[in-house]
Amino acid sequence: MIRTQAAGTLRAEHIGHQVTLAGWVARRRDHGGVIFVDLRDASGVVQVVFRGGSAEADTAASAAHVLRSEFCVRIVGTVERRPAGNENPELPTGEVELTVTELDVLSESAPLPFPIDEHVGVGEEARLKYRYLDLRRSGPAAALRLRSDANRIARGVLGERDFVEIETPTLTRSTPEGARDFLVPVRLQPGSWYALPQSPQLFKQLLMVAGMERYYQIARCYRDEDFRADRQPEFTQLDIEMSFVTQDDVIEVGEEITAALWKELAGVEIPRPIPRITWHDAMDRYGSDKPDLRYDLTLTELTEYLRGTEFRVFAGAIAAGGYVGAVVMPGGAGQSRKELDGWQDWAKARGAKGLAYVVFDGESGAPKGPVAKNLSEEHLAGLADAVGAKPGDAVFFAAGERIGAQELLGAARQEIARRTGLVDENAWAFCWVTDAPMFLPVESSDDVAVGSGSWTAVHHPFTSPTAEWLDSFEQDPGRALAYAYDIVCNGNEIGGGSIRIHQDEVQRRVFDLLGITPDDAAEKFGFLLEAFKYGPPPHGGIAFGWDRVCMLLAGVDSIRDVIAFPKSGGGFDPLTGAPTPITPQQRREAGVDAKPKPKADPAQ
RNA sequence: GGUCCCGUGGAGCAGUUGGAGUGCUCGCCGCCCUGUCAAGGCGGAGGUCGCGGGUUCAAGUCCCGUCGGGACCGCCA
């Protein structure tokens, strides 16, 4: 090593020691006769002092005048106690300083594109283009170190429980998650393409057939869909699969990992067991399959209460077998007309027709507003009680197809919480959402979901129905439930999984309902079905959205902050400039334009 | 594919109903300075106001288009 100590580790006990440090010039304070430099390395910062005195110290001091921000230097000196009154209690090393006898400039730094300074905000574009400089800052660096700790903790929990860490291919076939695939041309077989895995789903099931019994992997996954603050097309899962388990067993492991992470990295003891709510209850009460339970606000269904109303918006939904519901905005009656109109724009931006509302007068409690005029005396009289509103509150309504209307109210619930400060930013609220429906009706024609039936798998087509529905899911697919579960933290889905189908006959019936013919199935997942002929064990698993988990633990707003080199919205990497066009020769060699030769698929 | 917000020296921001010369803080360069720690003092350099078009006597400001970034919807566990 070219240094004897790490800068941030120097303490009073080192006083008198001659040490060699190496790091970067974080800041210099040149007083002419004495120069202070804050020397930073990965461990922290220590103040070094250039002062004349001896021949070599004079040489170092005069050389120090040319030091600039982020010069990389090696420094030899003596650790000394700072003069009385000059200690800096803000710094862990603030009791001491290094008096320099030798300075060696290892490399110089050009003027920086932005300051490497804790208290200066820098735009994300600049940060990502010079991410290596951004990561010299303590905040961004800490986020990556936290992620490393999370990996270590998860490996520890799983290792203790005899899980086997196994890597699976990234050049493979399409997997059944239902997102768009990234495709890779294959030079050796022009016209044929690999897909990058959307998850290791099929491989981890094969590993169960292989008798590994307990598998995990910190796996890179690829889905060619649009970006969000919590979504990149290239992301990481902590992927887990177990044999001979029930849903409760998987949930127990999931809680163990979650509890360990939050205990060590957030200093929080998560109360266990983590509460469970069924998917349908979550939709009914919170209008979301990933409810934020940091606040209490719930939805109220009014379908029965308002039956018989003449207000066309509600009557139409009820007549069509739909749903009418409401959510209260505490104190919402105090909003101006403009603010209430703003909610209409908010709803329209989400694709809704609008957001009907009634406000209750702050003193009389009398219902007011355009919708109130359309409701009968009776309906108005009992409304406040029905939805749990007090004088001074506002109530928003949604009507229409059940899930769609509930989701609108769920989004309104969140927005209400945000605007009225209901969210406790220091709270951690976890829950499991269980008993997800197996199927949803296929609506949009551009759905890339597998199969051509009128139903699509909510999770993926290998998800097992619950015991109650095992024999009967075909009879009422819309109500059939699956052993599928998500873990939710503060309104973020941080993980999800299911018990898989391991019986041939059940799998065939599910494919049948999804409109996947035996030929389709053989073509898409033939290798899996083949494997399942050879004594597949009952199995199930879970995958954590690792970027989101780290984002929450780091207390940041975007997964970009916990990814070393993230991409920006258009799939563009501001640092490398990827993606780039390819040369004609690359195009030729890659076989991008080649037609596949018809041939027998050896996987069948 | 859609909605909203942003784009002004290297960084972060201000710039009013369109009105003379685009301003501030930090950084950068030079000089001074022996106890600072987001050091201080003096001086200096650095700008196609993202780009293109339009309205106007006059555009950083208004309009249209376009590019880039961000948030959201669609899409996606």
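Every residue gets a Cβ built from N, Cα and C, even glycine.
No curator has checked TrEMBL annotations; they are predicted automatically.
Feature annotation from TrEMBL assigns site 'Important for tRNA non-discrimination' to A:HIS31 (among others). Cβ neighbour count for A:HIS31 (site 'Important for tRNA non-discrimination'): 9 (other Cβ atoms within 10 Å of its Cβ, all protein chains included). A:HIS31 (site 'Important for tRNA non-discrimination') falls within neither a helix nor a strand when secondary structure is assigned with DSSP, and so counts as coil.
Contacts of A:GLY85 (site 'Important for tRNA non-discrimination') defined by a Cβ separation under 8 A and a same-chain sequence distance of 6+ are given as none. Under DSSP, A:GLY85 (site 'Important for tRNA non-discrimination') is assigned to coil, being neither helix nor strand in the three-state scheme. Annotation comment: TrEMBL describes A:GLY85 (among others) as site 'Important for tRNA non-discrimination'.
The annotation domain 'Aminoacyl-transfer RNA synthetases class-II family profile' is assigned in TrEMBL to A:144-574.
Reduced to three states, the DSSP call for A:HIS459 (L-aspartate binding site) is coil. Close to A:HIS459 (L-aspartate binding site) in the fold, though at least 6 residues off in sequence, lie A:ALA436, A:MET438, A:ALA482, A:ALA484, A:GLY496, A:SER498, each with a CB less than 8 Å from its CB. Summarising the annotation, TrEMBL assigns L-aspartate binding site to A:GLU177, A:ARG223, A:HIS459, A:ARG500.
Confidence in the region 'Aspartate' (A:201-204), given as mean pLDDT, stands at 96. Taken from TrEMBL, the feature region 'Aspartate' applies to A:201-204.
Sequence annotations record features per position, and here TrEMBL assigns ATP binding site to A:ARG223, A:ASP224, A:GLU225, A:GLN232, A:GLU493, A:GLY545, A:TRP546, A:ASP547, A:ARG548. In sequence order, A:GLU177, A:ALA179, A:ARG180, A:PHE182, A:GLN198, A:PRO233, A:PHE235 constitute the residues six or more apart from A:ARG223 (L-aspartate binding site) in its chain with CB-CB distances below 8 Å.
Here TrEMBL flags A:571-604 as region 'Disordered'. Counting residues of the region 'Disordered' (A:571-604) by DSSP class, helix then strand then coil, yields 7 helix, 1 strand, 26 coil.
As annotated by TrEMBL, compositional bias 'Basic and acidic residues' applies to A:586-604.
The CA atom of A:GLU225 (ATP binding site) is located 55 Å away from the CA atom of A:HIS31 (site 'Important for tRNA non-discrimination'). Of all the binding-site residues listed (A:GLU177, A:GLU225, A:GLU493), A:GLU225 has the fewest other CB atoms within 10 A of its CB. Residues 168-169, 172-173, 175-177, 215, 217, 239, 241, 460, 462, 525, 527-528, 541 of the same chain lie 6+ residues outside the region 'Aspartate' (A:201-204) yet bring a C-beta within less than 8 angstroms of a C-beta in it. On a Cα basis, A:GLU493 (ATP binding site) lies 54 Å away from A:HIS31 (site 'Important for tRNA non-discrimination'). Rounded to a whole value, the Cα-Cα separation of A:GLU493 (ATP binding site) and A:ARG500 (L-aspartate binding site) is 20 Å. The two recorded residues A:ARG500 (L-aspartate binding site) and A:ARG548 (ATP binding site) have their Cα atoms spaced 25 Å from each other. Around A:ARG548 (ATP binding site), a 10 Å sphere centred on its CB holds 20 further CB atoms from the protein chains shown. When the region 'Aspartate' (A:201-204) is classified with DSSP, helix, strand and coil residues number 4 helix, 0 strand, 0 coil. Binding residues for L-aspartate (A:GLU177, A:ARG223, A:HIS459, A:ARG500) extend across at most 22 Å, taking the greatest CA-CA distance.
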